[in-house]
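*Asks:* Please see the structure below; I have some questions.
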Amino acid sequence: MVFDELITEFDRGLRSIAGVSRMSRPVPKPAAAAPAELSAAERKHAAGLMRVNHVGEVCAQALYQAQKLTTSSAGLKEMFEHAAREEEDHLAWTAHRLKDLDSRPSLLNPLWYAGALAIGVVAGRLGDKVSLGFMAETERQVESHLDGHLSELPAADAESRAIVEQMRADEVKHGKSATDAGGIELPMPARMLMRAASKVMTSTAYYL
């Protein structure tokens, strides 16, 4: 681990928490040319869902940073970096959509980031196969979570839907990459604990 790498990851972490992440791909757009009008209630609900998604991407940045820093494999470092760059797009897209909805990111982003970073370090210290298994299980749970949001988003909110659909496609790809790279299936207690932690995060971030 070199000093330059630590500085780079520290900068990425600050940008993730502050909501000023860079995007390498443009914000996904729906096929319809003109956005539909949302009621006040629909905007509030869509904003809550997109705030949850934004928090998920803050956590993803922390997890991948920790896993990248704790592996000694150059190939896995590159895989985690590639996934982190795509997740950084998600972070920027959801922040952009929150602004469009006249809303804001979670006030607890520093807490979410710190917790995810600690979990990522623990997963990384348990070895590459466990770390990759953790990545695969995380992506499976995120995929399920995004499926739920696609059914919950207001029918008229095509802009948020386009973003979530592309995020879902990327998460599926990341999960498959982790499994193909040798990730093991985590034991049921670990998967249940991850779901419980995710439920606390999503139910809180919707409002805060």
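One is the number of the first residue shown, and numbering goes on along the chain from there.
Cβ coordinates come from backbone N, Cα and C, glycine included.
Note that this is a predicted model, so its numbers are computed, not measured.
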*Asks:* Same Fe cation 1 site as Glu57, Glu87, His90 according to Swiss-Prot: which of Glu171, Glu185?
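*Replies:* Swiss-Prot lists Glu57, Glu87, His90 binding Fe cation 1, and from Glu171, Glu185 it also lists Glu171.
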*Asks:* In Swiss-Prot, Glu87, Glu171, His174 are given as binding Fe cation 2, so which of Glu139, Glu152, Glu159 is in that site too?
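*Replies:* Given Glu87, Glu171, His174 bind Fe cation 2 in Swiss-Prot, the matching entry from Glu139, Glu152, Glu159 is Glu139.
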*Asks:* When you average the Cβ positions of Glu57, Glu87, His90, Glu171 for the Fe cation 1 site, which other residues in that chain have a Cβ within 8 Å of that mean position?
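*Replies:* These residues sit around the Fe cation 1 site: Gly56, Ala60, Glu86, Glu88, Asp89, Leu91, Val142, Met167, Asp170.
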*Asks:* Any idea what the Cα distance is from Glu171 (Fe cation 1 binding site) over to Glu139 (Fe cation 2 binding site), rounded to a whole Å?
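*Replies:* Each residue's Cα considered, Glu171 (Fe cation 1 binding site) and Glu139 (Fe cation 2 binding site) end up 6 Å apart.
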*Asks:* Measuring Cα to Cα, how far is Glu139 (Fe cation 2 binding site) from Glu87 (Fe cation 1 binding site) in Å?
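*Replies:* Rounded to the nearest whole number, the Cα-Cα distance is 11 Å.
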*Asks:* For a quick check of packing: other C-beta atoms within 10 Å of the C-beta of Glu139 (Fe cation 2 binding site), how many?
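*Replies:* Its Cβ shell of radius 10 Å holds 23 other Cβ atoms.
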